[in-house]
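Taken verbatim from TrEMBL:
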BINDING   His74, Ser91, Tyr170, Met171, Asn172, Ser191, His293, Pro294, Glu295, Thr310  iminosuccinate binding site
BINDING   Cys138, Cys267, Cys357  [4Fe-4S] cluster binding site
Amino acid sequence: MTAPVGLPAPVVPVAARSSVVPDSLLLLGRSGDLASERGVECPGDLPRLSDPDLVARARRARARLGDRAFVLGHHYQRDEVIEHADVTGDSFKLAKDAAARPEAEFIVFCGVHFMAESADILTSPDQAVVLPDLSAGCSMADMAAIGQVEDAWQVLEGAGLAETTVPVTYMNSSAAIKAFTGRHGGTVCTSSNAETALRWAFEQSGGLDGGGRVLFLPDQHLGRNTAVLALGLSLDDCVVYDPWKPGGGVDPQRLAGARMVLWRGHCSVHGRFTADAVEGYRRKIPGVTVVVHPECRHDVVTAADLVGSTEFIVQALERAEPGSEWVIGTELNLVKRLAGMHPDKKVHFLDRDVCYCSTMNRIDLPHLVWALESLADGRLVNRVQVDDETAHFARVALDRMLALPGPTSKD
Ligand code: SF4
C-alpha cells in the first residue's frame with residue numbers, strides 16, 4: 001500500500017464551486033475557481049494562476065530552500081515548471097538523479113504519482129519526496145490495480161501456467177505492481193530496455209523458443225511492439241488480458257499458447273496517434289522523418305521511420321542535420337520544447353487532435369510555488385511515501401532491472 005501522507009481525501013462541495021463556469025468547461029490550470037482546480041486539498045494559500053509575482057515567488061522560495069531541496073522536471077511538464085527544475089529528464093533518469101542527491105532533504109518531483117513513488121523507493125528514508133499536486137496521476141498506471149493483477153495471476157495459476165510465466169511491468173505502474181513483479185520473480189522495464197527485459201524474462205520462463213510466457217503490465221502497446229518488432233514474435237503470439245472480463249476474456253487454450261499476455265492498458269496520450277496522421281504527413285512533406293514513442297499503437301509504430309523513448313527522441317533531434325524536417329509523436333509539451341530548441345530544423349506535432357497529458361499538466365506554477373513556499377516555511381506537504389514492505393519488493397524488481405545490460409531510460 002502506498003499513501004500520500006497527511007492529506008484527507010479531497011471533497012469539493014458543489015456549493016463551493018464557481019457558479020459562473022460550468023464544471024465541464026473548467027480547463028486545467030486556467031480557471032479562476034481554485035477550489036475546483038485543486039483536486040486535492042492544498043492547506044494554506046494556493047496562489048492564483050494570474051498572480052503576476054509567481055515566477056519571483058518560485059525563485060525566492062527556491063533560494064530560501066537552497067540545497068535542502070532538489071527539483072526534478074519531467075520532459076512532459078509545462079515550460080513554466082521546467083524553468084524552475086534543477087534537472088530534467090525521463091522518470092527513471094530523474095529517480096536516479098534524486099538518489100544521487102542524498103543531501104537534499106526534499107525531492108520536489110514535477111511529474112506524476114508513480115514517478116514520485118519510484119523516487120521514494122530509490123532515495124533514503126530521510127528524504128521526503130513531494131508531488132506538488134497529488135491529483136497528478138497517470139491514466140496508464142491507473143489501468144492496472146493491484147487487486148486486478150493478483151486476480152489475473154490466480155487465473156494463470158488455475159490454468160497451471162503461473163510457473164512458466166514471468167511478470168514484467170513498465171515503469172509506468174504503481175509501486176504495488178512493481179512489488180508484485182518483485183515477489184513473483186519478475187522485473188521492471190523502461191521503454192529503452194524493454195527488449196532486454198523481455199529477453200531476460202523469457203530466459204527465466206523457459207527460453208524464447210520454449211514454453212514460457214511473459215505477463216506484461218500495464219501498457220499493451222509497448223509489450224506488443226517490443227515482442228513483435230524486437231523479439232520477432234508474431235501478433236498471434238500475443239493475447240490481450242482484459243481485467244474487466246472473467247478470466248481476462250481470453251480462451252484458456254489461447255492463453256496456454258500465448259507467449260505474451262498483454263494487460264489491456266494504454267497511454268491516453270500516445271494511444272491517440274493514428275497511422276493516418278503519419279501517412280498524411282508523408283503525402284504533405286516528402287522525405288520527412290517520423291519518430292514516435294513505443295507507447296503508440298502497433299500500426300502507428302510500423303508506419304513511422306523511428307521509434308524510441310523520449311530520451312531517444314531528444315537525442316535524435318540533437319543529431320539531426322540542420323534543415324531536416326521531423327514529425328514527432330509524443331507529448332506536446334516536449335514536442336514544442338524541441339521545436340524551440342532546434343530552430344534550424346522543422347519540427348511538427350504528429351496529430352493536432354492529440355492533447356497534452358492532462359494529469360502531467362496538473363503540476364502548474366501555482367502548485368509548485370505552493371509546495372516550495374510550504375517547505376520553506378517548515379510545512380511538509382504532499383509527501384509521497386511507499387510503505388516498507390512494498391518498497392522492499394519493488395526495489396527487488398528495480399534491482400533486477402538495474403542488473404540488466406544496456407540503457408534504462410524511459411518515457
Ligand atoms: S503521457 Fe501517458 S504514460 Fe505518460 S504520464 Fe501521461 S498518461 Fe501516463
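Just so you know, glycine gets a Cβ as well, placed from its N, Cα and C.
In this structure, Tyr170 (iminosuccinate binding site) is part of a beta strand by DSSP. Comparing CA positions across the binding-site residues Tyr170, His293, Glu295, the one lying closest to Cys267 ([4Fe-4S] cluster binding site) turns out to be Glu295. Listed in chain order, the residues near the [4Fe-4S] cluster site other than Cys138, Cys267, Cys357 are Tyr76, Val112, Ser139, Met140, Ala141, Asn172, Ser268, Val269, His270, Glu331, Thr359, Met360, each with its Cβ within 8 Å of the site Cβ centroid.
Summarising the iminosuccinate site geometry, the residues cited as binding it (His74, Ser91, Tyr170, Met171, Asn172, Ser191, His293, Pro294, Glu295, Thr310) extend over a maximum Cα to Cα distance of 18 Å. When the binding-site residues His74, Tyr170, His293 are compared by Cα distance to Cys357 ([4Fe-4S] cluster binding site), the shortest distance belongs to His74.
Proximity of the binding-site residues (His74, Tyr170, His293, Cys357) to ligand 1: a Cβ under 6 Å from the molecule is found for Cys357. Tyr170 (iminosuccinate binding site) has a Cβ environment of 29 other Cβ atoms inside 10 Å.
Cys138 ([4Fe-4S] cluster binding site) has a Cβ environment of 25 other Cβ atoms inside 10 Å. Glu295 (iminosuccinate binding site) is surrounded by 29 other CB atoms, counting those within 10 A of its CB over all protein chains shown.
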